[in-house]
Amino acid sequence: MAKSSTLLLCLSVFIFIITESSLAQTCSNYQFSSNSLFESCNDLPVLDSFLHYTYDSSSGNLQVAYRHNNLSPGKWVAWAVNPTSTGMVGAQAIVAYPISDGTVRAYTSPISSYQTSLQEGELSFNVSELSATYQNNEMIVFATLSLPLTNGGNINTVWQDGSLSGNSLLPHPTSGSNIRSVSTLNLISGTSASTSGGGAGDSKLKNAIWGIMMPIGAIIARYLRVSKSAGPAWFYLHVTCQASAYIIGVAGWGTGIKLGSESEGIQFSTHRAIGIALFCLATVQVFAMFLRPKPEHKYRLYWNIYHHTVGYTVIVLAVVNIFKGLDILNPEKQWRNAYTAIIVTLGLVAAVLEGFTWYVVIKRGKAEESSKTSQLGNGGRSQYA
């Protein structure tokens, strides 16, 4: 039976690695090669972009590092603050692109119309310490902006990328992610909200973790318990996973976001309604654990039926709700795709373990039946000896 424990341990490690690689690519985990440090960061919802920043309210200086990943050669990037509106026109941009001698050019460009070619020019506020690096398909633009705090600390930001023709910048695409790369950032709280239906911060997306721990907890309870060598450890692992998922889920539900458009509001209302149902069912499930009868009790069968029914209902609702939340928060679908891959992997693991469990149970049953038959045979022989 030690083989089953080893198999489950290996599969758990495999799932953990997949989870980490899918969900850990966030700005908070990034370390700059120059050892630069910033107080806050935001995972921007589109264009594989991240913003690291430190704001000094006393001086009005905003130190930023804009990162753009997965940037193929021959591309330019831009990050901008728009002091007057939430769109492209009026944005005060910082532009960077690699040039043929291997260096990176970074400059400022005010945008006054949609027909801009991002000509170099002075911005409406002072910019200093402007530089950029490009390596491993990642562009990083550094700058310090003088931005006196106004509007409650909110600034409108825009970011873009486009192709190059030699050292000439071509217009960026006008569909998909390139028309959703707009957000409002609060320099005091550090929160960011997309003004075009995009995503919220990284902390919201990480709440998907609770929709991973719950299925893992169920897998542990379903399959590890058949191993005699597992002892009571399977129960404590099961409870740890489920309790952690419950705490993370409640925290995520309690800190829900508000979305701007009417359609998003409807989606979010549905998302929150399912969340409330999940909270109620999961809370009842937690208290029911303290009231469970002993295994030999005559009502234990009915408690098991209740426990399994509610438990699987919670898991299904949790997975559905996380998909809904990721669709609202992340129109680019990369988080949805990552979560889909994890759930499919968990499903395959459960299918493999289900077959293995039936094999173990049937084999154990045959062994016990053979042992009983042997004992009866020996008893019969001794009676007539």
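Backbone N, Cα and C atoms are what each Cβ position is placed from, and that goes for glycine too.
Any TrEMBL annotation is an automated prediction that lacks curation.
Listed in TrEMBL:
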- 1-24: signal peptide (SIGNAL)
- 47-162: domain 'DOMON' (DOMAIN)
- 168-362: domain 'Cytochrome b561' (DOMAIN)
- 208-226: transmembrane segment (TRANSMEM)
- 233-253: transmembrane segment (TRANSMEM)
- HIS238, HIS271, HIS307: heme b binding site (BINDING)
- 273-291: transmembrane segment (TRANSMEM)
- 303-323: transmembrane segment (TRANSMEM)
- 338-362: transmembrane segment (TRANSMEM)
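Cβ neighbours within 10 Å of HIS307 (heme b binding site), excluding its own Cβ and spanning all shown chains: 16. Sorting the domain 'DOMON' (47-162) by DSSP state (H, G, I as helix; E, B as strand; all else coil) yields 3 helix, 65 strand, 48 coil. If you take the C-beta of HIS238 (heme b binding site) and look for same-chain residues 6 or more apart in sequence within under 8 angstroms, you find GLY217, ALA218, ILE220, ALA221, LEU224.
Remote same-chain residues near the transmembrane segment (303-323) are listed as 207-208, 210-211, 214-215, 218, 245, 249, 271, 274-275, 277-278, 281-282, 284-285, 288, 292-293, 336, 339, 343 (criterion: CB distance under 8 Å, separation of at least six residues from the stretch ends).
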